[in-house]
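Participant: One structure is given below, represented as structure tokens, and several questions about it will come after.
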């Protein structure tokens, strides 16, 4: 009886890699539908690839099936699904036959690959402080893909406009490419802690997002892009605060927030004084 059970366990170990392969197939098929002038299906397939990419790691951990080969396949899948596929879908839909546009398409796709290569290299770097594990260096590839398709999503929702101008699309791609390879800290999902008293609010937001995905999917994507850009300055500020106080990272998030509030109360007028160029009474200079 143990032999069939062992075979079943070995068969389940390929499930994470199979999920990653399905994600690659979804990403590549999105290009096919872009060639068929069906960008709405392309966007749905890119979204499906992102979902599959998000669950393959969890499946591997649940089955204790992590492997070096699986990690390499996952990295290649990210290059296809978040680099090549979105770039070509954007080009075929918004920048057809644009030589200038093709340059920026290549720029974006190459920056995704460089971003993934840097991420893989930093995984083996044990010299970094513990708090750096809670921040990404540069915008993650999935977020870059969501950002890159912004003009295409706006086109699907509102039709043609300034957001479909080749100059704007190229500038938008360049900005996303720059964020991908930049050293701007961005927040990792695993670093987000939700207080127990905020759980009902979070559940309401999840329900609203699910309803929005069904009724207004393009508007939801645009809101996600806007929200990500809004929280980016706060993430930079948080990373700089922790970098100046690395010992505070070992404390609970509630305690870190208390320390920040205490620091603000200790120097409530520091920003206004610095902004106006004022000096403390009795100071020289």
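We number each residue from 1, going along the chain as drawn.
Here the Cβ of each residue, glycine as well, is placed from N, Cα and C on the backbone.
TrEMBL labels come from automatic prediction, so no person has curated them.
Annotation comment: TrEMBL describes 260-285 as region 'Disordered'. Look at TrEMBL and you will find 12-34, 40-63, 75-94, 100-123, 135-156, 162-181, 202-231 tagged as transmembrane segment.
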Participant: Take the C-beta pairs under 8 A between the transmembrane segment (40-63) and each of 12-34, 75-94, 135-156. Which stretch has the highest count?
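Facilitator: The stretch with the most close Cβ contacts to the transmembrane segment (40-63) is 12-34.
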Participant: Of the listed stretches (12-34, 75-94, 100-123, 135-156, 202-231), which one yields the highest count of Cβ-Cβ distances below 8 Å with the transmembrane segment (162-181)?
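Facilitator: Selected stretch: 100-123, with the most Cβ pairs under 8 Å.
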Participant: In the same chain, which residue numbers or ranges, 6 or more beyond the ends of the transmembrane segment (100-123), come under 8 angstroms Cβ to Cβ?
Facilitator: 75, 78-79, 82-84, 86-88, 90-91, 94, 136-141, 144-145, 148, 166, 169-170, 173-174, 176-178, 180-181
Participant: For the transmembrane segment (75-94), give me same-chain residues lying six or more residues beyond its boundaries with a C-beta closer than 8 angstroms to one of its C-beta atoms, as numbers and ranges.
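Facilitator: Answer is 20-21, 23-24, 26-28, 30-31, 34-35, 37, 39, 42-43, 46, 49-50, 53, 101-102, 105-106, 108-109, 112-113, 116, 120, 141-142, 144-145, 148-149, 151-152, 155, 164, 166, 169, 173.
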